[in-house]
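The structure appears right after this line, and notes come after that.
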Amino acid sequence: MQLFDELKTISKKHIKANKKAGEKVPSGLWISCPKCQQSIYHKDLGKYKTCPNCYYGFRIHARERLEWLVDTFQEFDTDLETKDPLNFPGYKEKLIKAQQDSKLNDSVLTGIAMIDDVEFALGIMDPYFIMGSMGTVTGEKITRLFERATQKNLPVILFAASGGARMQEGISSLMQMSKISQAVKEHSNAGLLYITVITDPTTGGVTASFAMQGDIILSEPRALLGFAGKRVIEQTIHQKVPDDLQDAETVLKNGFIDNIIKREDQKEKLAWLVKIHSMKGAF
Ligand SMILES: [Zn+2]
């Protein structure tokens, strides 16, 4: 019994240490789901890193998602480098650390992907690259992704994840919203399909632009989707708001997104969606 008590104490310690949403999937034996608080044995998260109880998708690097999402991938624009236009204190060091951790030049991975014989342009934002913030290189990479997709007559699938515009680049970050939106519009004018998949968390300028401009907007279960954070909303309207206000399930109920898609189903369902939308004149 003493051993059992000790194990329980260790588990509680792990759970307490990892309770905060957004922490990297910890390496301990037991972790707690930040959404349903279920204790999960580490190995039960599986390759998709999802909660077996509520299907919440833990935050993962863009390259980790790529491994199980597509069959082939040809990457674009790995040589673009973010400048430090404001000479923001500590920004260069932060960038280098984020680049080393994510193996990306900025907060989005872009390229052409295939699932079976279905080809599409793919963007995956990395929630760990300075909180998935949108800097000038993020904006440029996404804009070029849409421009290439328009040229090649390809649909776009974009996995959104962001804390918003990157404050270290000031107004240059905010300007990416209109630049990307222009490229999205040109892609749409060419009659091409754009699917967004919201992942945890998607907020700020990314929500206010390309994350919500998809023809089909999907979300992972329990992902947070909003513009301003809950605390900012409460301070502005001087009212408490429900805990699940910005959960994908609430947002779906209120009509802002089209459906919720589990990670294990994404490869098959996204390929199917692209396929049925490419059957022009078939019906
Ligand atoms: Zn859960």
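Glycine is treated like the rest: Cβ placed from N, Cα and C.
Annotation comment: TrEMBL describes 29-283 as domain 'CoA carboxyltransferase N-terminal'. Annotated Zn(2+) binding site per TrEMBL: C33, C36, C51, C54, in sequence order.
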Neighbour count (Cβ, 10 Å) for C36 (Zn(2+) binding site): 13
Averaged pLDDT score, the domain 'CoA carboxyltransferase N-terminal' (29-283): 95
Set of same-chain residues at least 6 away whose C-beta sits under 8 angstroms from C54 (Zn(2+) binding site): C33, K35, C36, Q38, P221, R222
CB contacts for C51 (Zn(2+) binding site) [other CB atoms within 10 A, all chains]: 22
Neighbouring C-beta atoms (10 Å sphere around the C-beta of C33 (Zn(2+) binding site)): 23
